[in-house]
Every structure is written in structure tokens, then in C-alpha cells.
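These come from Swiss-Prot:
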type	residues	note
ACT_SITE	GLU94	active site, proton acceptor
ACT_SITE	CYS344	active site, S-methylcysteine intermediate
BINDING	CYS114, CYS118, CYS121	[4Fe-4S] cluster binding site
BINDING	GLY168, GLU169, SER200, SER222, LEU223, HIS224, ASN301	S-adenosyl-L-methionine binding site
DISULFID	CYS107-CYS344	disulfide bond
DOMAIN	100-339	domain 'Radical SAM core'
Amino acid sequence: MSTEKINLLDFDRKGMRELFAQELGEKAFRADQVMKWIYHFGVDDFDNMTNINKQLREKLKQKCEIVAPVVSEAQHSSDGTIKWAMRVGDQDVETVYIPEEDRATLCVSSQVGCALECKFCSTAQQGFNRNLKVSEIIGQVWRAAREVGLEKETGRRPITNVVMMGMGEPLLNMKNLIPALEIMLDDLGFGLSKRRVTVSTSGVVSGLDQMTGKIDVALAISLHAPNDKLRSEIMPINDRWDIQDFLASVRRYIASSNANRGKVTVEYVLLDHVNDGTEHAHELAQLMKDTPCKINLIPFNPYPGSPYKKPSNSRIDRFQKTLMQYEHTVTIRKTRGDDIDAACGQLVGDVIDRTKRTAMLKAAKGETIEVKAL
């Protein structure tokens, strides 16, 4: 397939209409028709778009293509979770399907690897190679929807929620993240509710400020420590934007958002005898008193070579109860897919060059910001 062809998965509705007008000489409604075929029916063959005239189909075949990541490996958990390794170029990223009684969530990657070097995250230990294209982000959703299929055919629940919590820091890939989110929300795309699409960030303040007022989705923040000293030890990004800078940016976003209903989800991974003491719980409760939130506790998911351990159930329970004394809403995330290394912090994928982290961060400066070498 010619590399010169235009991948239609790289365009949101506005971009698709512009493409059809400028490159194909076609009206906007034709672009809308093609988007419906791609996202409503999972069609990637122009000949199967039966309400498109033959002349346009031939033009599309000559100039365009519909190419999503392909599944190179699938692992099925005993709890119904599926982890797909999806091939992007000559590398793999990981995408996870998590079915529940009332919904099915897809965890999507935004980068090949991750540059932020959070000490407790398996992905971060693999290095960073590049940002994913729009087609490689939305293509994970497209491919997963095809793999899951219709409920009546496979018995699997269709995807109802998307969380940008896979490999990578989404807000370091703003250029491609925003169009992908637009397609997820668009009625011509996947038509998901803005409350069912969640972006998680480790604290890229400039990226979050760019999102404010631009796109409205649910926000989750990876906090993981109640003070700057500890957070900088386990999350070096805190040396660039400290907790107060981060939370101020969060409050700005929440103030402009309807999707979050005035609250942010705080993610807090519990590391045994590192950040899980009652003193940490008291400190966290005080820290969040001015930021409306719900706190999601995540017991650490071990991976080979990790220096950290999962806390005992008694320590987890004590941490939760301490927070609840302050009338915070506190949940403990149920671990899913840990038998196939698909749980939070376990995604690895296939990263070729572990030396590119700093160079790639500098290259990303033109898209968002420059994070100092961590």
C-alpha cells in the first residue's frame, strides 16, 4: 500500500471536510458519509461504502486509505480483560479492553513508551520512542471495536468508555490527542459521551492549560504523593511543575468543564511503606481540601524488577478510612487483567530505542512544552 496515500483516520470532522474539499473537490456531506462508514460500521474498504458513487470511490482508492493498527498479539485474562499488542510502524503499543456488568472500558495508549520516568511504572522503565499519530490513537479504538464486534455476535459488551491511561503521557502529544478525542466524541465518529472519555495526566500543566476551554472530557490526575519531596522522588515531572502548580491548573480546567461535574478524579497508587502511611493519608486529605475530587486508590501492581511492593490489605484499608474521615469520596480500584500484565502501571509494549527519551522530549517542544531531562 502506497505510503503516499492519505490515511483518513488522521482527520476529525473538520479536517475530513477540508480534505474532501481541497484534495478531492467534494462537498462536506460526502466527508460525513465516509466518516459514518468508517466509525459506525467499521468499514475500511471504499468499495463497501454503498451510498458513495463509483467515481468518488475510485478517487478515494487512488488517493486515500483507512489503516488502523493491527493486532500482533492478544492475551485473554480469566476476568474477561483482553490485552492487545497493536503494531504501529515497527513497534507495538498496548491497548486493554476491560468489560464490566454495566459498561466496557478501553484503555488507550498515546505514545510509544513514556518519557516521564515515574519510578513505579513499568512503561516508564522501557524508555520513550515517539508520539502516536491521530490514526494510531483513534485506530486503537477502531480496531478494538472490530475485535469486540457486536454484542449479539460475540457476547462481549461493546465499548462504552475510553480512558487515555495506556502507554505514554497524553498531554505530551497534544497535537494528535485533541483530534483523536474529537473523533471519540463526534456523532459521526464513536459518539461517546464526554463523561465517558477520560484523559489522565501526570502533571503536564502547559498541556492541561491548552485543553482548558478547548475540549471537554473527564479528567483524572496521577498524583501518587501528598507532598513535593516524595512526589519528586517517585515522579520526576514534579521538579518541573510542583503540586500546587498542578492543582491550580486542574482547578482552572474543572471550572470550564461540564464533563467533570465540578470534580476531578485523583489517582493514587499505594506503594508499601513509601506513600501509604496514615500520615500520608492525613496530608493528602488536607492537600485536596480546596480541590473538589474523588480519590481512587490503586494498590501497586508488581512487575519484574520493580523495587516496590503492594501494601497489605490492612494498610490499604487504614489509608482509605483515614481519608474518609475528611468526607472525601474514596474508592479502591479493583485490579483487572493482572494475570496478563494488563493492570495499571504494567503496560510495556515494544520500545526499540531506550536512549531517545531526552531527544524526543526536546522534539516535542514545538507541539507542547519542553520537560527538562529527567
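Residue positions begin at 1 at the first shown residue.
Just so it is clear, glycine is given a Cβ too, placed from its N, Cα and C backbone atoms.
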Rounded to a whole number, how many Å is the Cα of HIS224 (S-adenosyl-L-methionine binding site) away from the Cα of CYS107 (disulfide bond)?
20
Number of Cβ atoms other than its own within 10 Å, given for HIS224 (S-adenosyl-L-methionine binding site)
26
Among GLU94, CYS114, GLY168, these being the recorded positions, pick the one whose CA is nearest to that of CYS107 (disulfide bond).
GLU94
Which number gives the other C-beta atoms within 10 angstroms of the C-beta of GLY168 (S-adenosyl-L-methionine binding site), all protein chains shown included?
30
Counting other CB atoms within 10 Å of each candidate's CB, the least crowded of the recorded positions CYS107, CYS114, CYS118, LEU223 is CYS118
Comparing local Cβ density (other Cβ atoms within 10 Å) for the recorded positions GLU94, GLU169 points to GLU169
About how far apart, in whole Å, are the alpha carbons (Cα) of SER222 (S-adenosyl-L-methionine binding site) and CYS114 ([4Fe-4S] cluster binding site)?
14
List only the single closest residue to CYS118 ([4Fe-4S] cluster binding site), chosen from the recorded positions GLU94, GLY168, ASN301 by CA-CA distance.
GLY168
Helix, strand or coil for GLU169 (S-adenosyl-L-methionine binding site)? Use DSSP.
coil
GLU94 (active site, proton acceptor): which of the binding-site residues CYS114, CYS121, SER200, LEU223, ASN301 have a C-alpha within 10 angstroms of it?
none
